[in-house]
């Protein structure tokens, strides 16, 4: 009687042989790409006959490396900051001013670029947080409590007061729109506000606005601030929406207000945003309408955005410069930020006595130089006073961990 072949061992051996063949093939391809890449870096006149023959032999590798270089060049151009010449800038701002005056329902979308003048780094600029981390560099700490509303923040507030802007949709968590005096009903902070913590156990959710950054202990999927609701005793949470999370809080996100404003908009002005995140929010762009019935789009940004081809006008300039020229064209005076008029000091809820030591962040000081009620007897330790955790510090901690591992 014949013995049956050991099919189990045979198939296993075949799989191993196949896997080994794939590894060897990848290694051969890697060597070819290395050789071709080295040859392509040389000027054509300096290539030897053998090198020229290698390029002809490995035509597919040459084509692939050329395609990769083209993609790298395109990406590099998209990351470059471009500035319009002074005359061109003025001409474009005149065009924008006419659009602002003629608009029936103007909505403004803002990004990190409007806060760089307040010494808050952006994300995707040449010196942005994500840009630096992608290059393997560490990012220095930044005291966000010292930031104040910029010229752009004050211009937007004034344009709303003059009824030229109906609503503001912001990706920023720095709270500077609120501190500029912009009414909360006219503002959607889609990614939260670093000064606000909420109790979601209360119905409706109860807000506590503080005079310090409440995100010290929070991060992705970890939102508890360590403080308690003074009404029900439940733990408070921050309002930040991190990358990869879905915001569900009614306020300060105010998605309802943002969607309604976008639906009514006939003009959208984007200021200081790469739009790489905002473009994903379909309800903000009326893409379900025919192209000729969508809001007219105006973009102010130094870098490329994925919405540039759809814009009526793209202005390459710093937001403060563009908004200053715009207000001049409109004949509207730009108000100066004043701590005495900053609404955060009237809206803030003081901490309970037992929670005075619950954070180490610097507390905003009122115009008279006195810190808010939550700062009494608070002595931040040298060890914990550096920026850690929270909506902005998470990027810094990544950089610090890399540096520590390298050491």
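Glycine too: its Cβ is placed from the backbone N, Cα and C atoms.
A TrEMBL annotation is a machine prediction, not a hand-curated record.
Keep in mind that this is a model prediction, so the values were computed, not measured.
Per TrEMBL, the features are:
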REGION    1-20  region 'Disordered'
DOMAIN    86-333  domain 'Deacetylase sirtuin-type'
ACT_SITE  191  active site, proton acceptor
BINDING   199, 202, 229, 232  Zn(2+) binding site
REGION    363-407  region 'Disordered'
COMPBIAS  376-388  compositional bias 'Polar residues'
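Other than 199, 202, 229, 232, the residues of this chain whose Cβ falls within 8 Å of the Cβ centroid of the Zn(2+) site are, in sequence order, 200, 201, 206, 230, 231, 233, 234, 236. Around residue 199 (Zn(2+) binding site), the same-chain residues six or more apart in sequence whose CB sits under 8 Å from its CB are 205, 206, 208, 229, 231, 232, 234, 236, 237, listed in sequence order. Around the Cβ of the residue listed as 'active site, proton acceptor', the number of neighbouring Cβ atoms within 10 Å comes to 20. Between the binding-site residues 202, 229, 229 has the most other Cβ atoms inside 10 Å of its own Cβ, all protein chains included.
For the pair residue 202 (Zn(2+) binding site) and residue 191 (active site, proton acceptor), the C-alpha distance works out to 21 angstrom.
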